[in-house]
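Feature annotations, reproduced from TrEMBL:
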BINDING   Lys12, Gly59, Arg88, Gln136, Arg311, Arg354, Lys378  phosphoenolpyruvate binding site
BINDING   Lys12, Ser13, Arg17, Ser134, Ser135, Gln136, Ser162, Asp280, Lys307  3-phosphoshikimate binding site
DOMAIN    46-386  domain 'Enolpyruvate transferase'
ACT_SITE  Asp280  active site, proton acceptor
Amino acid sequence: MLSSSIQITGSKSETNRLLLLQALYPQIKVENISESDDADAMIKALNSSEDVIDVHHAGTAMRFLTAFFAVHGNREVLLTGSSRMKERPIGILVDALRSLGAKIEYTEKEGYPPLRIAKSEITNNKVSLKADVSSQYITALLLVAPKLKNGLEIILEGKVTSIPYINMTLGLLAQVGIGTQMTGNVINVSPLDQMNPVKVVVESDWSSASYFYSLIALAEEGSQVELSSYRQDSLQGDSALADIYRFLGVETVFKANSIVLHKTSLRPKVVNLDFNNTPDIAQTIAVTCFGLGIGCKLTGLHTLKIKETDRLEALRVELTKLGADVVITEDSLELQPVLQINHDAAIDTYNDHRMAMAFAPLALKVPIIINDAQVVSKSYPAFWEDFKKTGFIIQTL
Ligand SMILES: O=C(O)C1=C[C@@H](OP(=O)(O)O)[C@@H](O)[C@H](O)C1
Ligand SMILES: C=C(OP(=O)(O)O)C(=O)O
């Protein structure tokens, strides 16, 4: 039976938004900053005076900094990233910024990083962009908007993806005193020149909590883990975990500053879930269902192909190694119930932190090898130490 207590690092999504806002408004004080590679990439980039800025694998840093240097930069920079970053599209954001008057050029492949971003004067205050590929493009515009002389009106075209991340941005802007209004598919951001001093405490990362939800779901009845620091009124869409895992046999109790996850006796037969709002927890839940031996149909996965790796294909290949019967399409994953899990499979992680962390809880069922286990540092460097606290023996090969 598992029982332990873990302090998870701050949300990387909240942190990278606040770091960018802090660069524009030094009056903002931020506490419980994420100790992740992606937050480090953001801090280094914002403090750099170099002409070349490399954000490695950090998607938020790449997108948010494109807008930052294009709109508020004081020099020309070359913004680049890992080889995978050069395959992650950014054309929608670049087109939107260019329509505002920004000067951005592609130095390798049209539509993808690296970008040469020159200093420019932004005069327009209205922009329209496709919202069905990545919400990070919209967040990037929202974050730089209040420092524009006339603020910004953003028109979202098409079906909006990852909406809770846009709401998180709007929530943080409100917390630091920036006026925004969202009516239908139009968002207005009011200009703010000077800000009063304000302190924001980052909540711990809910996506990181998902791996402990999975662990408890796969553990024996009576197991529990306490995670801090979490709030019921979270800005993070992945806090939907509490509702989702109730149906997978995990009850969440909210305490003053933490959550306690308890394994219950509920055993679902089949799970149908849409991940349009919560793409980052899809891998965790696919693996939980596999580990529980239940079938699932996961939909709304259209953005998974352009994340740290093609996550749909990575899930298909690695779950198959473990004996799963899995079928993927462009935006869905279907798993048949399988009772036998193959022992000692070596799971490849494809430079994707979430592949390593999502598969780790299966160690409760069978011995498992996670290749390149250090990839977790993108969002959660202390993951393996915290995982050990729940009683696992981890061997480094
Ligand atoms: O804004 C953010 O902090 C994020 C938005 C999401 O990306 P998309 O909007 O590209 O789905 C999410 O997958 C990513 O991990 C973090
Ligand atoms: C998709 C992710 O991050 P990013 O897009 O910021 O690289 C993630 O952390 O799952």
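Backbone N, Cα and C define each Cβ position, glycine as well.
It should be emphasised that the depicted structure is a prediction, and the values quoted were computed from it without experimental measurement.
Not one of the binding-site residues listed as Lys12, Arg88, Ser135 brings a Cβ under 6 Å of any atom of ligand 2. Residue density at Asp280 (active site, proton acceptor): 24 other Cβ atoms are found within 10 A of its Cβ, drawing on all protein chains shown.
Candidates Lys12, Gly59, Gln136, Arg311, Arg354, Lys378 (binding-site residues) were compared with Ser162 (3-phosphoshikimate binding site); those inside 10 Å Cα-Cα are Gln136. For Arg17 (3-phosphoshikimate binding site), the nearest neighbour among the recorded positions Arg88, Asp280, Arg311, Arg354, judged by Cα separation, is Asp280. When the recorded positions Ser135, Asp280, Lys307 are ranked by how far their Cα is from the Cα of Arg88 (phosphoenolpyruvate binding site), Lys307 comes first. With a CB cut-off of under 6 A applied against ligand 1, the recorded positions Lys12, Arg88, Gln136, Asp280 are reduced to Gln136, Asp280. Cα to Cα, Arg311 (phosphoenolpyruvate binding site) and the residue listed as 'active site, proton acceptor' are separated by 10 Å.
Most buried of the binding-site residues Arg17, Arg88, Lys307, Arg311, Arg354, judged by other Cβ atoms within 10 Å, is Arg354.
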